[in-house]
Amino acid sequence: MNVWQRWSVKTRLTIIATGVMAVVAIGAPAFVLATLRTTTLAHKTKATMATAAWTGFHHEQGVQPPPTLPAELVAGFQVVDASGRVISASPELAGRPRMADLRPSGRRPVSKSTCSSPAFPGACVLIAAYHVDAGGSPLTVYAADYEVPWYVSWDLVFTLTALSVAVLVITAYGAHATVARVLAPVNAITGRLAAITASDLSLRVPLPRHHDEIRRLAETVNRTLDRVENAVERQRRFAREASHDLRTPLTAMRADIEEALLHPEDADWPRVAQAQLDNIDRLQAIITDLLELARLDSGVSLKLERTDLAELVTYELDHRHWRKVAAVRELTPGVVVVIDRIKIARLLANLLDNSERFAESMLKVIVGRVGDKAVLEVLDDGPGVPPELREAVFQRFMRISTGRQPYAEGTGLGLAIAREIAEVHGGTLTIEDSEVGARFVLRLPLAPEQ
């Protein structure tokens, strides 16, 4: 990681903003100086050429012009005869040699810049020359003004530099303050997230006032925290309920064995052994269901294949060991779905276990097609499920008190597993109205036509 990446966003944005403004602060004064120099130079060129022409005009008319007037417009002027002798000059150039050997042709003035004029030693000047014919004597009139330096004037350079520095300072401070204000909600979110621990997931990050990207980020973070809190709460509740359900048969096993050991000669050891086997079966069922839920929670991959739902249900019903009553079948063939056969068979077994546990004399399984859905129904003539509890029964370890002992045989996980299997297949599992007992309805997407 280089130095730039180690700096904060605030520092980097401040540097970028200041750097961009530095380019502007350097370029703008340079442009101003160049423009002023070009304008001033053009003005001086016109002034020197006009002065040369004006002075030449007076000489053509035989009138000696006042020497002070042109000198107010330029640095000085000279009138030179054909032999190169200076016959007239402004007071500033009195006694100085000819300023240039510039010979115009015709009546148009010419000009040039030079830094080696004998009349202006050590200075760069702009010289204009104009040819006149005074009474048959050819004369050359020279007018000169000092060249404009690249910086125009030091006062201007100092002023522009001071303004540029002030602009840079204001930009740096403004960028730093603006970025700090913009990132303040991010810092608040960071601080609040740092305060959230596994022991207290109820805290939420503050929402900024403005409805911008940072607010959307905060809202997303809060929704994520909601999901995390719910997941952790479900996990804790699951651990509590699992430990309770695992502890119950273990406690019963310990009590039976301790009681038998107190009076071993009077103990009915075959009964004690059978009771332990029953408890072990219950423990095994709970552990199996817990492992299945863990696999579903971890996003287990499905082995999908096209399956005739009626054929699958027929096979499972034919190979099931019925404890009370066999199921009545109403199976429509040709209802094809894309499923994991083992998972859907587990779902059906869980529904049959639940319905058989509560059925009085009837259990029915229906397979059909409704619209673009395959429908599997399992019905019984038991006490049913109250409407207000039809969703609750799909929660893990959820039990409904019916006063009937057979209910205690379940683990409280079968229906939860069944619903999760339905959902990973893109389907639904619900309890719907029935004239008598409970009616579980599974809906799955039909397989596309081949």
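Positions of Cβ are set from backbone N, Cα and C atoms, glycine also.
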12-36, 162-186 - the one TrEMBL records as transmembrane segment: 12-36
Folded-back contacts onto the transmembrane segment (12-36), same chain, C-beta under 8 angstroms, at least six residues removed: 4, 150-152, 156-157, 160-161, 163-165, 167-168, 171-172, 175-176, 179
Secondary structure content, the domain 'HAMP' (180-233) (per DSSP, counts of residues): 37 helix, 2 strand, 15 coil
